[in-house]
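Going by TrEMBL, these are the annotated features:
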type	residues	note
COMPBIAS	1-17	compositional bias 'Low complexity'
REGION	1-21	region 'Disordered'
TRANSMEM	55-78	transmembrane segment
TRANSMEM	90-115	transmembrane segment
TRANSMEM	136-160	transmembrane segment
TRANSMEM	180-199	transmembrane segment
TRANSMEM	211-233	transmembrane segment
TRANSMEM	253-274	transmembrane segment
TRANSMEM	286-311	transmembrane segment
TRANSMEM	342-363	transmembrane segment
TRANSMEM	394-414	transmembrane segment
TRANSMEM	420-442	transmembrane segment
TRANSMEM	454-482	transmembrane segment
Amino acid sequence: MVGESTSFRGNSSFSSTEGEANAVRELHKDEEVVISENVAKSSEGQPEAQLRRQFSVWSILGVGFGLTNSWFGISASMVTGISSGGPMMIVYGIVIVALISVCIGVSLGELSSAYPHAGGQFWWSLKLAPPKYKRFAAYMCGSLAYAGSVFTSASTTLSVATELVGMYALAHPSFTPKRWHVFVCFEGLHLFLMLFNCYGRSLPFISSSALYISLFSFVTITITVLACSHGNYNDAKFVFATFFNETGWRSSGIAFIVGLINPAWSFSCLDCATHMAFEVEKPERVIPIAILGTVAIGFVTSFCYVIAMFFSLHNLSAITSSNTGAPILDIYYQALGNKAGALVLGSLILLTSFGCVIACHTWQARLCWSFARDEGLPFSRFWAKINPELGIPLNAHLMSCFLITLLGVLYLASTTAFNSLITGCIMFLLLSYIVPVICLLLKKRDIKHGPFWLGKFGLFCNIVLLGWTVFSLVFFCFPFVMPVEKDNMNYPLCALSDIFCFRYFTGSLKAGTISMLSRKKNLVRWILTLWSEWLTQIIP
């Protein structure tokens, strides 16, 4: 792999050689990506290990859908949506979010076609931002994207751990799940995933298999639930017109909006495929196909899935009061009438989930590596190394896994930690998407685009993405339940402020070009203001 390495520091010794820069200038000629066969040289003249181009279009689609995996996402995060509107919110929420996701996919697809690069959105920001601000734009975009990937990996792994504990609770009615049970399961599962993803040769096969396993599980579960509930279906009014609100919010509208976190999380991470650009042939064509294919498959599977589940649901109150912590298991139990059958279907969910969490770890490691390669992280030279024997960015992978381990500890401290991780995933990724889109709009979309370019419809999609991001930043940061207490507060905005703080004091922002954060006292005042705004919601 070669590529123009753009340092966020003014006098980096990790910048590309002239040969690398020349190779990058060939990337977009004649609408095809040309990757040099020569081994890239670092500033010390040592050979740089290369990523293998071993992913096909189906493998990339497998990575994209394996991570987004909308029907699984609905199942795993149903605990956040079932009490914020019930079946009605989830059904209509999927339609709303899927339409918005098409616009997000088009926006990302156009940019990935014009500038295929493993850095994804932070590379696009660098190419499109005004010269004065391009380093800051790329740095902030990369920080947000990387934070989003870590939050996504943590939330997805936590959802699988919750499912495992829930299956045990369903099989043993006398067992009462505790938070530490889920935490131990989370850390054990995460350790397995960390070790598994150290062997890159198996990832294309796993990625392709994940797509087929997910579709097989979807078809099997849907048919089984419908067949076992035959003659005892709910009426259409229950599925499409019954609103169920147990959030404590007096406004049903606010409860509905807060519940949209469930389908929004299920269609997140659409940028996953863009970070595999150096591992696939003709990424300017393949990546947009993978992104929009992920949205299309995600909508069809998730919409059909929830319709089947809710028509087969008999007692909604029993689900919300269940001790499993996994509403989908209780739906299976009600539909099939026996625990053994519900556990078998739950096992299919787990089988699907492993493809998802493996894709998560693949994605966050590639993003971390690409960001570190351009000196967006402290000690970037170390994190940017590729292990020549394994063929993966091992150091970046291990560091990201360490951060995920720390996020898992938050589950012990908060009853709504899972919801906050989901919100952080959505919020950070959307913010990273709008940075290059804003830069694109400032250029009036006048760029040398790739083969995937939709003209005025692309402009419309860019505007929808901006509007959805603003909407999400406001409403998805609302508390999930009322009244608000310190244990159930939603804290993602505080995490956003911490990104600025951490990066500043570790030197990356300090070496940047933005003037409004040039003084420590201004940064500290800004962070304290954000924290105080949220504390006023907790302390009357």
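Placed from the backbone N, Cα and C atoms, the Cβ positions cover glycine too.
Between the transmembrane segment (136-160) and the listed ranges 90-115, 211-233, 394-414, 454-482, the one holding the most Cβ pairs under 8 Å is 394-414.
When Cβ-Cβ distances below 8 Å are used as the criterion, the transmembrane segment (211-233) is approached by residues 58, 61-62, 65-66, 69, 71-72, 297, 301, 304-305, 308-309, 311-312, 314, 331-332, 335-337, 341, 345, 348-349, 351-352, 355-356 of the same chain, each at least six residues removed from its ends.
If one looks beyond the transmembrane segment (90-115) by at least 6 residues along the same chain, the residues whose Cβ comes under 8 Å of a Cβ in the stretch are 28, 70, 74, 78, 81-82, 121, 123-124, 127, 239-240, 256, 259-260, 262-264, 266-267, 270-271, 273-274, 277, 283-285, 287-288, 291-292, 294-295, 298-299, 302-303, 306-307, 310, 433, 436-437, 440, 447-454, 457-458, 460-462, 464-465, 468. Note on the transmembrane segment (454-482): residues 80, 84, 100, 102-104, 106-107, 110, 247-250, 254, 257-258, 260-261, 264, 416, 419, 423, 426-427, 430-431, 433-434, 437-438, 440-441, 445, 488-490, 492-493, 537 of its chain, located 6 or more positions outside it, place their CB under 8 angstroms from a CB of the stretch. Long-range neighbours of the transmembrane segment (286-311) within the same chain, counting only residues 6 or more positions beyond its ends whose Cβ lies under 8 Å from a Cβ of the stretch, are 57, 60-61, 63-65, 68-71, 73-75, 87, 90-91, 94-95, 98, 101-102, 105-106, 108-110, 112-113, 116, 214-215, 218, 221-222, 225-226, 229, 233-234, 238-239, 263, 266-267, 270-271, 273-274, 276-277, 280, 328, 331, 335, 452.
Using a Cβ-Cβ cut-off under 8 Å and counting only residues 6 or more beyond its ends in the same chain, the transmembrane segment (420-442) has close neighbours at 77, 80, 104, 107-108, 111, 121-122, 124-125, 128-130, 137, 140-142, 144-145, 147-149, 151-152, 154-155, 158, 261, 264-265, 268-269, 271, 407, 410, 414, 459, 462, 465-466, 468-469, 472-473, 476-477, 490-493, 495-496. Counting residues 6+ beyond its ends, the transmembrane segment (180-199) has Cβ neighbours under 8 Å at 157-158, 160-162, 164-165, 325, 357-358, 361-362, 365, 390, 392, 394, 397-398, 401, 404-405, 408-409, 411-412 in the same chain. Through the fold, the transmembrane segment (394-414) approaches residues 149-151, 153-154, 157-158, 179-180, 182-183, 186-187, 190, 193-194, 197-198, 361, 364-366, 368-369, 372, 382-387, 420-421, 487-489, 491 of its own chain, all at least 6 residues removed from its boundaries and within a Cβ separation under 8 Å.
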